[in-house]
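Trainee: Following this message is one structure expressed as structure tokens.
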Amino acid sequence: MCKTLHGTLLLLAIFVLFLNFSHATAKRTRRGMEIFEKNFIDKNKLKDVYDVFKYLYNTHSADTYLSNIKNESFTMNIWGFGEIEMVKTKCRKIDSDFYKCSFQREFYNLKRTPGETMYYISLPGSVRCRKLLSKLDNCPFEEQTEQLKREICYFVVYPDYIEQNIHAVRFDCYTK
């Protein structure tokens, strides 16, 4: 009788340990998935991405006028997807606009093909360029929309969920 009681208690103890272990594993797995559900890209981080893009776009543009973002949309899933419309403003581009601009970034690449420009920015950081950004904020858009050069840019934000930051951003711009 003693052997059967000890065997039953041993099996019961193993069963209880198994239940605790499986519950803890399921809880840990669920918590890991919550990282992907949480949108940590707030408006300030997205504004920094837009500012970096406006700086790069205007720096590498051969146009004599500055361009700014007219319309924007952004959706966050596992990656962030968005669309912006770059439109020419009435403000002329001059070299002093980019004076004392501090662009903090790890790496960026620019690739041009007819009708498309691709900007890839790794660790976008931010851009410190008060003069250019304040000028863009105060520049009205060109009003003659039928003659307006527009570019639609689709972008993907590649987040770093561990660091709760943006790892890279890729913009693909197409002339309309």
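Cβ atoms here come from the backbone N, Cα and C positions, even for glycine.
Dumping what Swiss-Prot says about this protein:
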- 1-26: signal peptide (SIGNAL)
- N71: N-linked glycosylation site (CARBOHYD)
- C129-C139: disulfide bond (DISULFID)
- C153-C173: disulfide bond (DISULFID)
Trainee: Return the residues near C173 (disulfide bond) by Cβ distance under 8 Å, restricted to its own chain and a separation of at least 6 in sequence.
Mentor: Y57, M86, E116, T117, M118, Y119, E151, I152, C153
Trainee: DSSP secondary structure for C129 (disulfide bond), reduced to helix/strand/coil, please.
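Mentor: Going by the DSSP assignment, C129 (disulfide bond) belongs to neither helix nor strand, so it counts as coil.
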Trainee: Give the residue from the disulfide-bonded residues C129, C139, C153 that has the most other Cβ atoms within 10 Å of its Cβ, counting over every protein chain displayed.
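Mentor: Selected residue: C129.
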Trainee: Is it possible to get the count of other C-beta atoms within 10 angstroms of the C-beta of the residue listed as 'N-linked glycosylation site'?
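Mentor: Step by step: centre on the Cβ of the residue listed as 'N-linked glycosylation site', count other Cβ atoms within 10 Å, giving 11.
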Trainee: Can you give me the Cα-Cα distance between C139 (disulfide bond) and N71 (N-linked glycosylation site) in Å, rounded to a whole number?
Mentor: 15
Trainee: What Cα-Cα separation, expressed in whole Å, is found between C129 (disulfide bond) and the residue listed as 'N-linked glycosylation site'?
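Mentor: A Cα-Cα distance of 22 Å.
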